[in-house]
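Worksheet: one structure, shown below.
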Amino acid sequence: MTARLIDGKAAAAALRQRIAAQVARVSDLGVVPGLAVVLVGEDPASQVYVRSKERLAREAGMVSIAHRLPPTTPEADLLDLIRRLNADPAIHGILVQLPVPKPLDERTIIGAIDPAKDVDGLHPVNVGNLSIGGEGLLPCTPSGCMMLLRDTLGADLSGLRALVIGRSNLMGKPMAQLLVRAHCTVTVAHSRTRDLADECRRADILVPAVGQPRMVRGDWIKPGATVIDVGMNRLAPEPGQEKGRLVGDVAFEEAVEVAGAITPVPGGVGPMTIACLLDNTLTAACRAEGLARPAVAA
Ligand SMILES: NC(=O)C1=CN([C@@H]2O[C@H](COP(=O)(O)OP(=O)(O)OC[C@H]3O[C@@H](n4cnc5c(N)ncnc54)[C@H](OP(=O)(O)O)[C@@H]3O)[C@@H](O)[C@H]2O)C=CC1
Ligand SMILES: Nc1nc(=O)c2c([nH]1)NC[C@@H]1CN(c3ccc(C(=O)N[C@@H](CCC(=O)O)C(=O)O)cc3)C=[N+]21
């Protein structure tokens, strides 16, 4: 059997198109959603992501402003920028690209963002709202994974066994929360998990978010399972190539023979992350301006 491919690139393009139509409607009412992306340092991968966030936000009709700061930026300067963005009525969403260089403290920085503008969903208020089912902003990658799961399996995921591998604040923990909210039976695995292969074999939904290239082997996967591969790992370049290949946490060629459906890397979860960021920015803009989110045909 060969798994169905879950086309995150197409799903993200469709979502961005819907968002662009809604942005056009709110713009007619005088509200142009504004996103500020803050990048501290010169990490090449982060630079690529920040550029693509900027470009896609503009393509959706938003105002997008990137703030690029040197790696040695003092924390006080970064906090000052965040305070100005919090106070700027043209900015509805603020994202500080992670990880931030040492000695900057991630928690202090995220905690300084106005929760209503925290389009990454990482501020403690939004994390708390996710946990108690309130009206916060949801983290982008987990929301994107949920959308792909529902596109694949239908709206009702009740009772399915889900395994999330990874327990980071950015991905593993919020993913587990969203799956619980969707009535799945959820297990969270991590580096101390005893028999990971065995845990995987029980999962109807498998979500590896580890950062270990091709760690999840084909024979770890329950036949017919849905695999959402969050890992983004850049391999060393082949001779004569400038850049190494991007691979996920799953040994794709093996997994595709066993799984029922699987996301590729690239072209799976990654593009959904950015589309969800734009979605959060539009949500934040509508809430800030007291507008209902315009309905558009799906
Ligand atoms: N597609 C996208 O848009 C995004 C992709 N990513 C990618 O997802 C991956 C995870 O990101 P992130 O959550 O930020 O990473 P972190 O490094 O913060 O977390 C990794 C998690 O994996 C666990 N882990 C590490 N090694 C193993 C192992 N051998 N077996 C089981 N668990 C293990 C760690 O366990 P422990 O807690 O015990 O240390 C930790 O919980 C990365 O490849 C990242 O690039 C991330 C965000 C967005
Ligand atoms: N505050 C913060 N929020 C984040 O959401 C955040 C972050 N920091 N730090 C880093 C991770 C990583 N991340 C990705 C986003 C898009 C792709 C993406 O679009 N990937 C393309 C390929 C890109 C390529 O070819 O390099 C794909 O999978 O098809 C990947 C990874 C967001 N992150």
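Every residue, even glycine, has its Cβ placed from backbone N, Cα and C.
The structure displayed is predicted, hence computed values, not measured ones.
Taken verbatim from TrEMBL:
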- G166, R167, S168: NADP(+) binding site (BINDING)
- 6-120: domain 'Tetrahydrofolate dehydrogenase/cyclohydrolase catalytic' (DOMAIN)
- 139-287: domain 'Tetrahydrofolate dehydrogenase/cyclohydrolase NAD(P)-binding' (DOMAIN)
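Structure coloured by features recorded in TrEMBL.
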| residue | record | Cβ neighbours (10 Å) |
| --- | --- | --- |
| G166 | NADP(+) binding site | 23 |
| R167 | NADP(+) binding site | 17 |
| S168 | NADP(+) binding site | 14 |
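Per-residue pLDDT, averaged over the domain 'Tetrahydrofolate dehydrogenase/cyclohydrolase NAD(P)-binding' (139-287), rounds to 97. Residues in the domain 'Tetrahydrofolate dehydrogenase/cyclohydrolase NAD(P)-binding' (139-287) partition by DSSP class (helix H, G, I; strand E, B; coil) as 56 helix, 24 strand, 69 coil. Proximity of the binding-site residues (G166, R167, S168) to ligand 2: a Cβ under 6 Å from the molecule is found for none of them. Per DSSP, the domain 'Tetrahydrofolate dehydrogenase/cyclohydrolase catalytic' (6-120) is made up of 60 helix, 19 strand, 36 coil.
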